[in-house]
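Notes for the one structure printed next.
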Amino acid sequence: MEDISLVENSGDSVKSVDSANAKNSECNSENNSEGNSECNSEGNSENSIDGNVIDELESSPLLSEVLGEALPKCRLFHVKLSQEGLLRGLVGPRDMGILWERHILNSAAVVPFIRKVTAKSKNKTIADVGSGGGFPGIVLAACLPDFQITLIEPMERRVAWLQECVSLMQLDNVTIFHGRSEDVIAKVKSHEIKPFAAVTCRAVAPMTKLAGWTIPLLEQHGSLVALKGKSAKLEIEKASKMIRKAGGVNPQVVEAPVARGLQSTTVVLVEKA
(Lines of atoms letter the chains of each structure in order from A and count residues from 1; the text may use other names and numbers.)
(Lines give C-alpha, C1' and ligand atoms only; values in the text may rest on other atoms or scores of the structure.)
Protein backbone atom coordinates (compact mmCIF):
# COMPACT_ATOMS: atom_id res chain seq x y z
CA MET A 1 0.00 0.00 0.00
CA GLU A 2 1.22 3.48 -0.84
CA ASP A 3 2.65 5.45 2.05
CA ILE A 4 0.70 8.32 3.55
CA SER A 5 1.92 10.70 6.18
CA LEU A 6 0.33 8.94 9.14
CA VAL A 7 1.75 5.55 8.31
CA GLU A 8 4.90 4.27 9.92
CA ASN A 9 6.70 2.12 7.36
CA SER A 10 10.13 3.56 8.09
CA GLY A 11 11.97 5.28 10.89
CA ASP A 12 11.44 8.67 9.21
CA SER A 13 7.73 8.76 10.03
CA VAL A 14 7.77 7.47 13.60
CA LYS A 15 5.93 9.67 16.10
CA SER A 16 6.99 10.03 19.73
CA VAL A 17 4.53 8.55 22.17
CA ASP A 18 4.17 8.37 25.92
CA SER A 19 4.18 4.58 25.92
CA ALA A 20 4.00 4.22 29.68
CA ASN A 21 0.80 6.25 29.91
CA ALA A 22 -0.71 4.38 26.98
CA LYS A 23 0.08 1.06 28.60
CA ASN A 24 -1.32 2.12 31.96
CA SER A 25 -4.59 3.23 30.43
CA GLU A 26 -4.88 -0.14 28.73
CA CYS A 27 -3.93 -2.40 31.61
CA ASN A 28 -5.67 -0.44 34.37
CA SER A 29 -8.96 -0.29 32.51
CA GLU A 30 -12.22 -1.79 33.73
CA ASN A 31 -12.36 -3.96 30.64
CA ASN A 32 -10.42 -6.96 31.86
CA SER A 33 -13.21 -9.52 31.98
CA GLU A 34 -12.26 -10.48 28.43
CA GLY A 35 -8.81 -11.20 29.77
CA ASN A 36 -6.18 -8.88 28.34
CA SER A 37 -3.39 -11.39 27.92
CA GLU A 38 -0.98 -8.72 26.74
CA CYS A 39 -1.28 -6.90 30.07
CA ASN A 40 -1.20 -10.05 32.15
CA SER A 41 1.91 -11.35 30.38
CA GLU A 42 4.17 -8.35 30.94
CA GLY A 43 7.43 -9.51 32.42
CA ASN A 44 6.82 -13.13 31.50
CA SER A 45 10.03 -13.47 29.53
CA GLU A 46 11.41 -15.63 32.33
CA ASN A 47 8.53 -18.09 32.15
CA SER A 48 9.49 -21.43 30.72
CA ILE A 49 7.90 -22.33 27.41
CA ASP A 50 6.98 -25.93 26.73
CA GLY A 51 7.84 -26.42 23.10
CA ASN A 52 5.61 -29.50 23.04
CA VAL A 53 2.41 -27.57 23.73
CA ILE A 54 -0.06 -28.30 20.96
CA ASP A 55 -2.99 -26.00 20.39
CA GLU A 56 -6.30 -27.69 21.14
CA LEU A 57 -7.69 -26.70 17.72
CA GLU A 58 -4.56 -27.29 15.63
CA SER A 59 -6.15 -30.09 13.57
CA SER A 60 -9.76 -28.99 13.93
CA PRO A 61 -11.98 -28.50 10.86
CA LEU A 62 -13.34 -25.44 12.67
CA LEU A 63 -10.33 -23.47 11.48
CA SER A 64 -11.19 -23.79 7.81
CA GLU A 65 -14.90 -23.38 8.55
CA VAL A 66 -14.33 -20.01 10.18
CA LEU A 67 -11.26 -18.66 8.40
CA GLY A 68 -11.70 -20.08 4.91
CA GLU A 69 -9.13 -18.70 2.47
CA ALA A 70 -7.52 -16.70 5.29
CA LEU A 71 -6.38 -19.88 7.06
CA PRO A 72 -2.89 -20.14 5.48
CA LYS A 73 -2.00 -16.60 6.55
CA CYS A 74 -3.53 -17.11 9.96
CA ARG A 75 -1.43 -20.27 10.37
CA LEU A 76 1.69 -18.17 9.86
CA PHE A 77 0.41 -15.79 12.53
CA HIS A 78 -0.33 -18.70 14.88
CA VAL A 79 3.18 -20.12 14.47
CA LYS A 80 4.75 -16.74 15.19
CA LEU A 81 2.55 -16.29 18.26
CA SER A 82 3.44 -19.80 19.46
CA GLN A 83 7.16 -19.17 19.08
CA GLU A 84 7.45 -15.56 20.22
CA GLY A 85 4.20 -14.36 21.77
CA LEU A 86 4.98 -15.25 25.37
CA LEU A 87 8.59 -14.09 25.30
CA ARG A 88 7.54 -10.75 23.83
CA GLY A 89 4.75 -10.21 26.35
CA LEU A 90 1.91 -10.49 23.84
CA VAL A 91 0.08 -13.50 25.25
CA GLY A 92 -0.05 -15.18 28.65
CA PRO A 93 1.33 -18.60 29.65
CA ARG A 94 -2.15 -20.07 29.91
CA ASP A 95 -2.90 -19.03 26.34
CA MET A 96 -0.29 -21.23 24.73
CA GLY A 97 -2.58 -24.20 24.10
CA ILE A 98 -5.59 -22.12 23.09
CA LEU A 99 -4.17 -19.45 20.79
CA TRP A 100 -6.53 -20.34 17.98
CA GLU A 101 -9.68 -20.01 20.09
CA ARG A 102 -8.70 -17.22 22.48
CA HIS A 103 -7.04 -14.88 20.03
CA ILE A 104 -7.45 -15.76 16.35
CA LEU A 105 -11.00 -17.12 16.15
CA ASN A 106 -12.12 -14.63 18.78
CA SER A 107 -10.79 -11.82 16.57
CA ALA A 108 -12.41 -13.30 13.46
CA ALA A 109 -15.79 -13.23 15.21
CA VAL A 110 -16.20 -9.57 14.26
CA VAL A 111 -15.84 -10.22 10.51
CA PRO A 112 -19.60 -10.71 9.87
CA PHE A 113 -20.34 -7.52 11.80
CA ILE A 114 -17.79 -5.56 9.77
CA ARG A 115 -19.35 -6.82 6.55
CA LYS A 116 -22.83 -5.86 7.76
CA VAL A 117 -22.10 -2.37 9.10
CA THR A 118 -20.05 -1.36 6.05
CA ALA A 119 -22.36 -2.87 3.43
CA LYS A 120 -23.65 0.53 2.27
CA SER A 121 -20.33 2.36 2.50
CA LYS A 122 -18.10 2.94 -0.51
CA ASN A 123 -15.24 3.45 1.91
CA LYS A 124 -13.99 -0.04 2.83
CA THR A 125 -11.64 1.05 5.58
CA ILE A 126 -11.08 -0.05 9.16
CA ALA A 127 -9.10 1.56 11.97
CA ASP A 128 -8.00 -0.89 14.66
CA VAL A 129 -7.28 1.05 17.86
CA GLY A 130 -4.64 -0.31 20.23
CA SER A 131 -3.69 -3.17 17.93
CA GLY A 132 -1.14 -4.61 20.37
CA GLY A 133 -0.39 -8.19 19.40
CA GLY A 134 -2.63 -7.94 16.34
CA PHE A 135 -6.01 -8.70 17.87
CA PRO A 136 -8.23 -8.22 16.02
CA GLY A 137 -6.44 -6.09 13.39
CA ILE A 138 -3.98 -8.60 11.92
CA VAL A 139 -6.64 -11.31 11.79
CA LEU A 140 -9.09 -8.93 10.12
CA ALA A 141 -6.51 -8.01 7.51
CA ALA A 142 -6.15 -11.68 6.60
CA CYS A 143 -9.91 -12.28 6.57
CA LEU A 144 -10.88 -9.05 4.77
CA PRO A 145 -8.42 -8.56 1.90
CA ASP A 146 -10.85 -6.17 0.20
CA PHE A 147 -10.58 -3.70 3.12
CA GLN A 148 -7.79 -1.26 3.87
CA ILE A 149 -6.86 -1.56 7.54
CA THR A 150 -4.95 0.93 9.67
CA LEU A 151 -3.42 -0.46 12.85
CA ILE A 152 -3.05 2.24 15.52
CA GLU A 153 -0.53 1.34 18.22
CA PRO A 154 1.43 3.65 20.57
CA MET A 155 4.08 1.20 21.84
CA GLU A 156 7.22 0.93 19.74
CA ARG A 157 7.94 -2.72 20.51
CA ARG A 158 4.42 -3.68 19.48
CA VAL A 159 4.69 -1.65 16.31
CA ALA A 160 7.80 -3.71 15.51
CA TRP A 161 5.83 -6.91 16.13
CA LEU A 162 2.99 -5.75 13.88
CA GLN A 163 5.44 -4.87 11.11
CA GLU A 164 6.96 -8.34 11.32
CA CYS A 165 3.53 -9.98 11.12
CA VAL A 166 2.47 -7.86 8.15
CA SER A 167 5.67 -8.79 6.32
CA LEU A 168 5.48 -12.48 7.21
CA MET A 169 1.83 -12.78 6.20
CA GLN A 170 2.24 -10.56 3.12
CA LEU A 171 -0.67 -8.34 4.12
CA ASP A 172 -0.66 -5.62 1.48
CA ASN A 173 -3.87 -4.07 2.80
CA VAL A 174 -2.35 -2.89 6.10
CA THR A 175 -0.75 0.35 7.22
CA ILE A 176 0.61 0.96 10.71
CA PHE A 177 0.34 4.20 12.64
CA HIS A 178 2.80 4.54 15.51
CA GLY A 179 0.88 6.79 17.88
CA ARG A 180 -2.37 7.27 19.72
CA SER A 181 -5.90 7.35 18.38
CA GLU A 182 -6.07 11.03 19.33
CA ASP A 183 -3.32 11.72 16.78
CA VAL A 184 -5.35 10.05 14.03
CA ILE A 185 -8.54 11.83 15.16
CA ALA A 186 -6.72 15.13 14.70
CA LYS A 187 -5.84 14.14 11.14
CA VAL A 188 -9.45 13.19 10.43
CA LYS A 189 -10.71 16.51 11.80
CA SER A 190 -8.18 18.46 9.74
CA HIS A 191 -9.17 16.47 6.63
CA GLU A 192 -5.65 15.10 6.20
CA ILE A 193 -7.17 11.64 6.02
CA LYS A 194 -10.69 10.37 5.44
CA PRO A 195 -12.75 9.00 8.32
CA PHE A 196 -13.15 5.23 8.53
CA ALA A 197 -16.13 3.05 7.74
CA ALA A 198 -15.52 0.95 10.86
CA VAL A 199 -13.36 1.03 13.96
CA THR A 200 -12.38 -2.07 15.91
CA CYS A 201 -10.61 -2.76 19.20
CA ARG A 202 -10.19 -5.44 21.83
CA ALA A 203 -9.33 -5.13 25.54
CA VAL A 204 -8.16 -1.53 25.20
CA ALA A 205 -10.18 0.49 27.74
CA PRO A 206 -13.65 0.84 29.27
CA MET A 207 -16.31 2.49 27.12
CA THR A 208 -16.08 5.69 29.17
CA LYS A 209 -12.67 6.23 27.57
CA LEU A 210 -13.09 4.19 24.42
CA ALA A 211 -15.98 6.29 23.10
CA GLY A 212 -13.78 9.36 22.70
CA TRP A 213 -10.90 7.36 21.26
CA THR A 214 -12.91 5.59 18.55
CA ILE A 215 -16.19 7.21 17.51
CA PRO A 216 -14.57 10.45 16.20
CA LEU A 217 -12.58 8.30 13.75
CA LEU A 218 -15.77 7.19 12.00
CA GLU A 219 -17.50 8.53 8.93
CA GLN A 220 -21.19 9.39 9.21
CA HIS A 221 -23.14 6.15 9.77
CA GLY A 222 -19.88 4.30 10.34
CA SER A 223 -19.73 1.87 13.26
CA LEU A 224 -17.57 0.96 16.21
CA VAL A 225 -17.25 -2.82 16.49
CA ALA A 226 -15.58 -3.53 19.83
CA LEU A 227 -14.78 -6.93 21.31
CA LYS A 228 -15.72 -6.72 24.97
CA GLY A 229 -16.13 -8.79 28.11
CA LYS A 230 -19.11 -9.74 30.23
CA SER A 231 -19.34 -6.25 31.72
CA ALA A 232 -20.21 -4.73 28.33
CA LYS A 233 -23.80 -3.79 29.21
CA LEU A 234 -22.71 -2.06 32.40
CA GLU A 235 -19.99 -0.23 30.49
CA ILE A 236 -22.53 1.02 27.96
CA GLU A 237 -24.75 2.34 30.75
CA LYS A 238 -21.85 4.13 32.45
CA ALA A 239 -20.65 5.59 29.16
CA SER A 240 -23.98 6.75 27.72
CA LYS A 241 -23.11 10.46 28.04
CA MET A 242 -19.62 9.97 26.62
CA ILE A 243 -21.00 8.01 23.68
CA ARG A 244 -23.47 10.77 22.83
CA LYS A 245 -20.82 13.46 23.28
CA ALA A 246 -18.53 11.65 20.83
CA GLY A 247 -21.36 11.48 18.28
CA GLY A 248 -22.40 7.89 18.87
CA VAL A 249 -25.96 6.57 18.72
CA ASN A 250 -27.77 3.26 19.10
CA PRO A 251 -25.25 1.40 21.29
CA GLN A 252 -25.88 -2.34 21.29
CA VAL A 253 -24.38 -5.34 23.05
CA VAL A 254 -24.59 -8.55 21.03
CA GLU A 255 -23.31 -12.09 21.34
CA ALA A 256 -20.96 -13.05 18.52
CA PRO A 257 -20.48 -16.71 17.57
CA VAL A 258 -16.82 -17.76 17.54
CA ALA A 259 -17.08 -21.24 16.04
CA ARG A 260 -19.33 -24.27 16.18
CA GLY A 261 -19.30 -25.66 19.72
CA LEU A 262 -17.16 -22.87 21.17
CA GLN A 263 -18.23 -20.19 23.62
CA SER A 264 -19.44 -17.01 21.98
CA THR A 265 -17.88 -13.62 22.61
CA THR A 266 -19.39 -10.18 23.23
CA VAL A 267 -19.39 -7.32 20.76
CA VAL A 268 -20.41 -3.70 21.31
CA LEU A 269 -21.79 -1.84 18.30
CA VAL A 270 -22.10 1.95 18.20
CA GLU A 271 -23.10 3.95 15.14
CA LYS A 272 -21.74 7.42 14.32
CA ALA A 273 -24.62 9.85 13.85
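Note: Cβ is positioned from N, Cα and C throughout, glycine not excepted.
Annotation comment: TrEMBL describes Gly130, Phe135, Ser181, Glu182, Arg202 as S-adenosyl-L-methionine binding site. Non-local neighbourhood of Glu182 (S-adenosyl-L-methionine binding site): Trp213, each in the same chain, at least six residues away, with C-beta under 8 Å from its C-beta.
Summarising the annotation, TrEMBL assigns compositional bias 'Polar residues' to 7-23.
Among the features that TrEMBL reports, compositional bias 'Low complexity' is placed at 24-48.
The region 'Disordered' annotation in TrEMBL covers 1-51.
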Q. How far apart, in angstrom, are the most distant Cα atoms among the S-adenosyl-L-methionine-binding residues Gly130, Phe135, Ser181, Glu182, Arg202?
A. 20
Q) Which residues does Phe135 (S-adenosyl-L-methionine binding site) neighbour through Cβ under 8 Å, counting only same-chain ones at least six apart? A) His103, Asn106, Ser107, Arg202, Ala203, Leu227
Q) Using DSSP and three states only, what is Phe135 (S-adenosyl-L-methionine binding site)? A) coil
